Amino acid sequence: MARNKIALIGSGMIGGTLAHMIGLKDLGDVVLFDIAEGIPQGKGLDIAQSSPVDGFDSRLTGVNDYAGIEGADVCIVTAGVPRKPGMSRDDLLGINLKVMEQVGAGLKKYAPKAFVICITNPLDAMVWALQKFSGLPKTHVVGMAGVLDSARFRYFLAEEFKVSVEDVTAFVLGGHGDSMVPMIRYSTVSGIPLPDLVKMGWTSKEKLDQIVQRTRDGGAEIVGLLKTGSAYYAPAASAIAMAESYLKDKKRVLPCAAHLSGQYGVKGTYVGVPVVIGAGGVERIIEIDLNKSEQKMFESSVATVQGLTEACVKIAPQLASK
């Protein structure tokens, strides 16, 4: 039986972490791609030399040519410039849009049947552009944001309640940025909704509001602490959850930046919503009921994303006709 082939476009901190996690989870063979000569080869060799200790048989190959990703089952895109202190994700748009054009051409030529997970920021605009540049089916091009934002939300809630993260369910809607919408009403601790936990005296509305804001600022907090780059362990783990659900047809319900074609009243935009990921890619988009406050925040988040996609079209007018 042929092993899965997983291509990692970009061999920086997230790319290297992804490669190691793929080996540890035995998800398949890895091709690390990067335009910088020696980087993917060196990281691939380093991780391969950990395999006798960690006990995995994944083959790791480093390449500088898109031909190396040919026939990949999954492609995870991290290529581009990461944030530095004082930068917003949106500040990266002009630089990373050009990167997405190159990546899209590579995917179109060498991996047109792949399931593609985009991590590059500003996420919602970059995954939208990548789908257009590549021409791959919208069900097979998704953005990794909601899984990460939801994981941060869950972690902060578990810390507040002093319970296991395994017993906290929570998710985030909307764009991957300051306008994201952590869904308090749909978040629970062992099935108990957060509003009920406030009534029970476990926490206060003010404390929950602080946790929501810390979730929105989660990436910036890490950027500020690292000073030389951005988060990579949690983003990599989040993308692996998505890839594993696709490769194993697990049909997990995961919040992802998915293409909406009328759901939530939105058309032609990638935005974070809960979806089912299985062997067919994004097999279903789950529409949840939003109250007036949630709807207003979601619409504001969508408007922010649409502003970014319009900025993309100004830089690359050909996107308007794709």
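Note that Cβ sites are derived from N, Cα and C of the backbone, with glycine treated the same way.
The active site, proton acceptor annotation in Swiss-Prot covers H176. For G10, S11, G12, M13, I14, G15, D34, N96, I119, T120, N121, the entry in Swiss-Prot reads NAD(+) binding site. For R83, R89, N121, R152, the entry in Swiss-Prot reads substrate binding site.
When the Cα positions of G10, S11, G12, M13, I14, G15, D34, N96, I119, T120, N121 are compared pair by pair, the longest gap among these NAD(+)-binding residues is 17 Å.
The most densely surrounded of the recorded positions R83, R152, H176, judged by C-beta neighbours within 10 angstroms, is H176. Annotation for I119 (NAD(+) binding site): same-chain Cβ neighbours under 8 Å, separated by at least 6 residues, are I14, I76, V77, T78, G143, M144, P235, A239. If you check the recorded positions G10, G12, D34, H176 against R83 (substrate binding site), none has a Cα inside 10 Å of its Cα. For D34 (NAD(+) binding site), the same-chain residues that are 6 or more apart in sequence and have a Cβ closer than 8 Å to its Cβ are G10, S11, G12, G15, P40, G62, N64, A79.
It is 9 Å from the Cα atom of N121 (NAD(+) binding site) to that of H176 (active site, proton acceptor). Cα separation, H176 (active site, proton acceptor) to R152 (substrate binding site), rounded: 12 Å.
For I14 (NAD(+) binding site), the Cβ neighbour count at a 10 Å cut-off comes to 27, with all displayed protein chains included.
A simple way to gauge crowding: the CB of G10 (NAD(+) binding site) has 26 other CB atoms within 10 angstroms, across all the protein chains here. There are 20 other Cβ atoms within 10 Å of the Cβ belonging to G12 (NAD(+) binding site).
Other Cβ atoms within 10 Å of the Cβ of N121 (NAD(+) binding site), summed over all protein chains shown, number 28. R83 (substrate binding site) carries neither a helix nor a strand DSSP state and counts as coil.
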